Amino acid sequence: MCEVFHHIAMGLREFILEYFQGFWDYETPKVMVVKNTTLGVIYRTVQFLVITYFIWYVFISQKAYQESETRPESSVYTLMKGSAVHGDEILDTVEYARPSEGGDVISTILRREFTYNQMQGTCAEYFKVPNANCTEDSDCVAGQVDFDGHGRRTGRCVQYYNYTFKTCEIQTWCPIEEHAVVREPPLVEAINFTVFIRNSIHFPKFKVLRGNIKDASNKRDMQKYLHKCSYHEENEPYCPNFRLGYIAEQARENFTELCRTGGVIGVFINWNCNLDLDPSHCKPKYSFRRLDLRKDLANSGYYYRFAKYYSKDGVESRTLIKAYGMRLDIIVHGHAGKFSPIPTIISTVTAMTSVGICTIICDWIMLTFIDKNEVYSERKFDEVIKEPTEPMSTELSFINSYGSNHSDLSDGVPL
């Protein structure tokens, strides 16, 4: 047993000693010219591809020679425009826009549902509310509030309006919405409403301020242009007026379906500016996408409720309005770049360093697949060991002494 531990200890000692001595070895590249046409073609082809890729990706696609800014300062102002005839009513922005003028979020009402003449009182709970159905008073707990319901239970079981079954009585605004709601047809004329979007963006690092509205020689020309123009990606890229129908079309949504369920659409304004060019080339690009859950899901769409209060026979009353609408979220992204020597130097050095991958690939091919790879391996890797100095004999000392006075050498061996 002692001999086993002794051998293990000696082996471990030799391993540590060998590792420690090898740690201080110095490695230097060795230049070897290989006269092989196939390997040369592979080397130059890989070298060409690597250099081409870095020129295209680093300098053309990513513009790595530029100093960039990705967190600009931005301001958004929106305003809904348009009017419509809806039955006997004339609807303007005060009626259908929320808010009538705003910031980066604005919505328009496309369809409404009314519950008229609601007053504080007691009435039957909606039968689809959990545990609302009953047969006697003991089924209803007085004072209980169900957060999925409409109010506080009185403890009585009453007939559900004109139906034969019963539900628990509640204290709330009566009649409840689900029983007395009146649905009006959608506001189809809203497809031609326009939303005015004014956006300005500032890149403080480069002191550049740009806007999405076309410059005009005077204020009158500007007002005339803004009143008649409508945005188009190619014909009118600087017009800030967007038709709701155009926005829905670009977001690949059916406007009739939006009128039924409502929806949230994102208006993305992207500023990608190359400031090595004239600032007039810094133009916004717009894209549109549906942001809320898809229409085939139960909780999709966009709607909200509000009420109009009034006094009827001295009793406070209200009309509850459930509005389905199209909400626009204006989202601004910005990126600006300008030539700078520091990123140019860093990118150039990185590209030049990466060319070294060509040598690695060709070495692997040479030492693995090409004939005479063993010969190449022997020539490529040399190990230089310092020979220990041995004591000289008297005869060798005499020869060296004699040779020191005669400089005739052949192949490095004294004669």
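Glycine too: its Cβ is placed from the backbone N, Cα and C atoms.
Annotations in TrEMBL come from automatic prediction, not curation.
Cross-referencing C123, C140 with TrEMBL gives C140 as the cysteine bonded to C168, criterion being a recorded disulfide. Among C259, C282, the cysteine that TrEMBL records as disulfide-bonded to C273 is C282. Between C157 and the candidates C123, C134, TrEMBL records the disulphide bond with C134. TrEMBL lists a disulfide bond between C229 and one candidate from C239, C259; that candidate is C239. Ranking the disulfide-bonded residues C123, C168, C174 by C-beta neighbours within 10 Å puts C168 at the top. Within the group of disulfide-bonded residues (C134, C157, C229, C239, C273), the Cβ with the highest number of other Cβ atoms inside 10 Å belongs to C273. Sequence-distant neighbours of T194 (ATP binding site) (same chain, six or more apart, CB under 8 Å from its CB) are M80, K81, G82, S230, N241, F242, R243, L244, listed in sequence order.
When Cβ atoms from all protein chains are considered, those within 10 Å of C282 (disulfide bond) total 18, not counting its own.
For C123 (disulfide bond), the nearest of the disulfide-bonded residues C134, C157, C273 in terms of C-alpha separation is C157.
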